[in-house]
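Visitor: Got a structure for you, questions after.
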Amino acid sequence: MQAYQQPFSDDFGHLEGASGYSVDLDDSSSLHSSVLPSDDHAHDANNSYAHARTDVIDELNFENLAISGRDGHNGTTMHDPLADQEAQAAANVANLYEDDFDGMLDDLNREELPPHACSYCGIHNPACVVKCLICNKWFCNSRGSTSGSHIVNHLVRAKHKEVTLHADSPLGETTPECYSCGAKNVFILGFIPAKSDTVVVLLCRQPCAAMQSSKDIVWDTTQWSPLIEDRSFLSWLVKVPSEQEQLRARPITFHQINKLEELWRDNANATLEDLEKPGVDDEPQPILLRYEDAYQYQNIFGPLVKIEADYDKRLKESQTQEGLVVRWDMGLNQKRIAWFNLPKLESGEVRLAVGDELRLRYHGELHKAWDALGHVVKVPNNVSDEIALELKRSDNVPIDCTHNFSADFVWKSTSFDRMQQAMRTFAVDEQSVSGYIYHKLMGHDADPPQVLRAQMPKRVSAPNLPDLNHSQIYAVKSVLQKPLSLIQGPPGTGKTVTSASIVYHLSKMNPGQVLVSAPSNVAVDQLTEKIHQTGLKVVRVTAKSREALESSVSFLTLHAQVANSDTHPELQKLIQLKQEQGELSSSDERKFRALTRAVEKEILTNADVICATCVGCGDPRLKNLKFRTVLIDEATQATEPECMIPLTFGVKQLVMVGDHSQLGPTIMNKKAARAGLNQSLFERLILLGNRPIRLQVQYRMHPCLSEFPSNMFYEGTLQNGVTAPERLRKNADFPWPQPTTPMYFHQNLGQEEISSSGTSFLNRTEASNVEKIVTRFFKAGVMPSQIGIITPYEGQRSYIVSYMQANGSLKKELYKEIEVASVDAFQGREKDYIIMSCVRSNEHQGIGFLNDPRRLNVALTRAKYGLVILGNPKVLSKHALWHYLLTHYKEKKTLVEGPLNNLQPSMIQFSKPRRPFDRNANTNRFQHDARDVFASGLNSGSSTPGLPSRFDSSFYRTHDAISSIPSDAQSVRSQATYSSGLPTFSQAGSAYPSSMKRGGPASTYASSTFSQDLLSSADGASVRGDDASSIANGGVPGSGMSSAASSVGYSQADRISLSDAVSDYKSQAGWTNDDDARTTYTLSNVTDY
């Protein structure tokens, strides 16, 4: 139930999710179709909402306005007009209270404030303050030095949603609530003029404002307008303090407000004076680029992990849900399953995931009090909002009861404990990692790069996997000979196939087992499946809480292999007995556990490859094993302490695969994030001068979709492994503005609104247009499974789901099957068609984390056949990154407006970006004077204090090639490609550059990132990879084999000028390896990476 339409700001960015992730939750049901005009209207649908709201204000008589109560009677009459909300209202209030003003100021000066004074600034004009009904504190409707009013600031940060007006205010002691259903959440409330000119009706946005008239008042729901606008309450409801009142108020900064709200969580009586106490504002020690030793490393990361753990614990334990309605079921494993909704799970800061543990409690009415622990086996999706909880115990379950249940989140410290233990092991156990990797991880000046002796395989592609292309072959050969390797895999370049091929060869060439890890279960499962296809013996180790879950690799899990083992008949008998009886006697249970441990050890010992998540590598069952070789996939999404867990098994050869130009780790605590916990080890190693090998051929996107990401995020190096005709569906009749360019940006000017959680946003205009686009795709023959809808905000995600099902003109089941998710949820995945709703549309409040380049990169690179973006160009173009994207779309004639059946080029004028785009400002959080703590011998040769010149971060970060986008950016081709920061190579075989300089417009560069990795060969010559096939054909850096390195140095301008003629990898000549040539024709049909 909701109602409103209001912008939100960058100031509330921390509420949109730690490290730039969306935070908030639910926004139920949908808006009635009459709220937004259809395509049949001649005028632009985007502006209809604004016009409707203006009409409301113009027609209402605010001289004697009253709010209609739920009992049908009018409330207190108001006597101030709405016109010019803030300025006019402020003047009126000043006149009304002029007699009392001097006394109020005297009170402020003496700090003898009445109980209803604003808890932030002290203003206590009854007409300007409201009380939060949750914490009973008073706040005013003044902005002060912040972009939102004090009351809205408090409601958002405290996640409170109900208020009441002061008894002496014009409306009296009134609690805003929905006239129809009584909902008091101010973030969903809005007003509608009733049949009387002097009465307005408050209704929630959903479902009441979308329903037909009820009770005894007739209203037009299309005139609905939110109570909170531009982060302040409308001034006819809560007055805005006059300028004089605000000048005399107690000054308070945005930073102080944040700190005060944090203090109130532990001490409700804390005041501004408490902020001055020692220790309140202390920040943890930030991470360093280099560390003196592992003890210093542990002493810095240990406290950050503890801060994050404490924050996570407090969040989860505060999420108790009361009044749940439960339905009961029995699982296939004869365990009880409770199904229920969590209607208040809307903070977004706590994400419910499969495997999470909850405690379900019954308070005792029809059955005696009861509680039990269980694991979540299903989470809400588009089809159902229900959660499935599998109980650990099935005895005395109150299956006859359905109401009066509650659920508590059970916080587990396992993940954080394993991180801390790994760092302790790293510090005290010299055998935990090899000496070379130890010094690399610490950032010490290591000896010349080690070259491992390895017999190169005759065929690099692994059995039963697609053939590899030139950059993949180079990556595999290079990795096999280096103790530390970083592989950057841009979207659609086949990271999983490459990783599986590497693991295959590492297993065949080296003694012992290979440990394969990744931060997420999905990534580990995908890699496990690919490695299994090569014929290796693979064991997937999962957490015990996930053993009941089905997956594509269930048969490879350790517990499944134990259950199917035929080496111990006695164990099989005990397993069967336990399944039949539910439990074993104490003696049989001891025997069962002993036999299980023995079989587990046997299976693990005989395996070629063991796969587990990073945290799962801390499983006690792996404790006594040693792994000489470790591969970590999705390494850029793991925190450093998380990565340390799989590294402390005696690793001598480490391979990390990821993409630091896509999303990084998720950190919930702001202090820990500011200190650098959200920076991955992969990124720090790049800053230290370890060059990643970049995979270069993408097989996912239509060439027009890959052009902007390639030039913006990958220095123009991405090549297309698919041609344009292969990514055009002739039988799909969709009105692309340019038929051969399946993408467009659809201009939407509807205003953003705060979602029901108070911490997210939605945009009803964009949601309406999303439904129209989806319906058109359906009519063109596109299946629901081929469409993905991406939005950065949970409020919009929930609204789009409900709106499509309520207003879609086709079968509801079709709309239910479409996946609507956040950018984060889509990372590593793809769909044929992607629709992106940007949501943010306001006058001056910013675009939040839409301005994160990594998030934009992920969103733009999920689609294979077509991409549609909906947003407000006027707002987005104020930010240089989006200005650049919009310019690109405008040049392609794909920036359009109007109804879907009559799209026309948009004539909108872009706003000038407020500041140039500085990529380093958001991504480089390391303390660069780290070397001050080192011995003086480590500082020699540095032209920059504390940072050697050869370790210039702006050079080594491959996504820093466009470090500053000018505010007058013209196009992708004219700016992004010419501002490459890659080094200049003047001739073939040049030695490692002694002076790293950022390139200018005329800079030439090696055609790939891996070709920049100039490694000295045995005879002293250096290897360049401009012609990657020369390396793939046998010339491997450091191998002692001569390599015919290409002498061609391509410039960015040359590459772009040739891009139309040589846009596809298939069309390039010069292959010398038949394996390479076959690769491009076979991999083009492979989509699962």
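Cβ atoms are placed via backbone N, Cα and C, with glycine included.
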Visitor: So which range, 118-150, 349-381, 844-876, gets flagged region 'C3H' in TrEMBL?
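Guide: Among 118-150, 349-381, 844-876, the range TrEMBL annotates as region 'C3H' is 118-150.
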Visitor: Per TrEMBL, which of 293-321, 467-495, 699-727, 1018-1046 is region 'Disordered'?
Guide: 1018-1046
Visitor: If you look at how TrEMBL annotates this chain, which of 26-46, 572-592, 887-907, 929-949 comes out as region 'Disordered'?
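Guide: Checking TrEMBL against the ranges 26-46, 572-592, 887-907, 929-949, the region 'Disordered' one is 26-46.
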Visitor: Can you tell me how the residues of the region 'CC/SHH/C' (132-160) break down into helix, strand and coil by DSSP?
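Guide: Its residues divide into 9 helix, 4 strand, 16 coil.
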Visitor: Taking all residues of the region 'C3H' (118-150) together, what is their mean pLDDT?
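Guide: Reported value for the region 'C3H' (118-150) is a mean pLDDT of 93.
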